Amino acid sequence: MASVQLRNVTKAWGDVVVSKDINLDIHDGEFVVFVGPSGCGKSTLLRMIAGLETITSGDLFIGETRMNDIPPVERGVGMVFQSYALYPHLSVAENMSFGLKLAGAKKEVMNQRVNQVAEVLQLAHLLERKPKALSGGQRQRVAIGRTLVAEPRVFLLDEPLSNLDAALRVQMRIEISRLHKRLGRTMIYVTHDQVEAMTLADKIVVLDAGRVAQVGKPLELYHYPADRFVAGFIGSPKMNFLPVKVTATAIEQVQVELPNRQQIWLPVESRGVQVGANMSLGIRPEHLLPSDIADVTLEGEVQVVEQLGHETQIHIQIPAIRQNLVYRQNDVVLVEEGATFAIGLPPERCHLFREDGSACRRLHQEPGV
């Protein structure tokens with residue numbers, strides 16, 4: 001196992017900068033997830049760690065060794081791609097041992113490692129089969145096993161579940177989490193799926209347009225996003241945003257006016273907040289309340305009702321703000337499209353963002369953070 005450090009790492013192709021001044025510390029044995037929208041630079045960052053892309057400037061360390069000029073084969077990293085990339089004419093055992101064979105490993109060593117990894121990944125009964133006889137989940141386990149038998153110090157996974165259906169993704173997500181707990185290897189995982197990020201990671205790195213937007217534990221990013229981008233990206237359905245104006249400030253409180261002229265005091269850091277400033281109030285769909293238990297409410301017309309069985313998502317058009325809000329409630333809520341529906345804003349669950357997108361730190365203590 002090994003730690004990974006990036007110091008002021010930048011990647012550019014000509015005038016196009018795809019990774020900007022990246023500074024990261026990934027500790028020995030950590031499971032770190034790079035997450036962000038398409039084109040944010042997460043796969044490029046992973047490929048620089050693997051040695052498949054050169055670093056334009058900055059330094060990469062694996063353990064105590066600077067890796068900028070070290071070829072991929074000598075870095076002690078193993079990589080799993082979105083594509084399984086299995087040889088169709090080779091058996092599972094032959095696919096898993098292929099890299100060791102090229103490296104000149106002895107047959108006894110290859111067999112021992114393949115058998116050990118096959119037991120861990122529940123592939124022992126499939127070692128003689130060809131890839132065409134395997135399910136998608138089994139093929140992905142073979143691809144992971146091929147990397148594991150090389151005993152890398154750092155394990156890199158680039159969107160490994162993207163080709164699987166929804167049920168298999170859930171199953172493989174659980175298996176990868178168990179695998180990490182069992183092996184204790186340093187793992188870096190790339191995904192655009194924030195559910196994968198939240199459920200797998202010890203630490204999440206949110207990337208936006210080639211920069212690190214925020215690094216933290218999953219619940220920290222969910223409850224205390226550093227800016228509006230992170231707030232909108234982490235969580236599903238995404239956070240609701242309302243335009244507000246600051247009407248007063250106090251110690252550890254800011255009062256804002258909603259578009260319907262109602263005012264609400266928010267428990268957030270008030271340092272540097274100016275009366276009269278235009279800001280954005282954020283509230284997650286699951287944190288909105290029924291109107292009968294809230295002091296501050298918004299009323300609108302139901303546009304869409306999504307019944308998911310275990311929960312209901314209601315899209316409400318609020319005339320005062322000329323936009324839809326999403327309200328999410330556990331269990332079934334029976335309401336007709338076109339009906340009038342009111343929702344409440346709990347001050348302690350609200351977020352406040354400046355015009356530049358940065359967050360005013362919430363002061364309400366959330367569990368697990």
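Using the three backbone atoms N, Cα and C, a Cβ is placed for every residue, glycine included.
It should be emphasised that the depicted structure is a prediction, and the values quoted were computed from it without experimental measurement.
The ATP binding site annotation in Swiss-Prot covers Gly36, Pro37, Ser38, Gly39, Cys40, Gly41, Lys42, Ser43. The domain 'ABC transporter' annotation in Swiss-Prot covers 4-234 and is backed by sequence analysis.
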- request: Return the single residue from the binding-site residues list (Ser38, Ser43) that has the minimum number of other CB atoms within 10 Å.
  value: Ser38
Message: Say we define neighbours as other CB atoms within 10 Å of the CB. Which of the binding-site residues Gly36, Gly41 has the fewest?
response: Gly41
Statement: Within 8 Å of the Cβ centroid of Gly36, Pro37, Ser38, Gly39, Cys40, Gly41, Lys42, Ser43, the other same-chain residues by Cβ around the recorded ATP site are His192, Leu207
Query: Roughly where does the domain 'ABC transporter' (4-234) sit in mean pLDDT, to the nearest integer?
result: 93
Residue among the binding-site residues Pro37, Lys42 whose Cβ has the most other Cβ atoms within 10 Å: Lys42
Statement: Per DSSP (helix/strand/coil reduction), Lys42 (ATP binding site) sits in helix
- request: Could you check the binding-site residues Gly39, Cys40 and say which one's CB has the most other CB atoms within 10 Å?
  value: Cys40
Task: For Pro37 (ATP binding site), name the DSSP secondary structure in the helix/strand/coil scheme.
output: coil
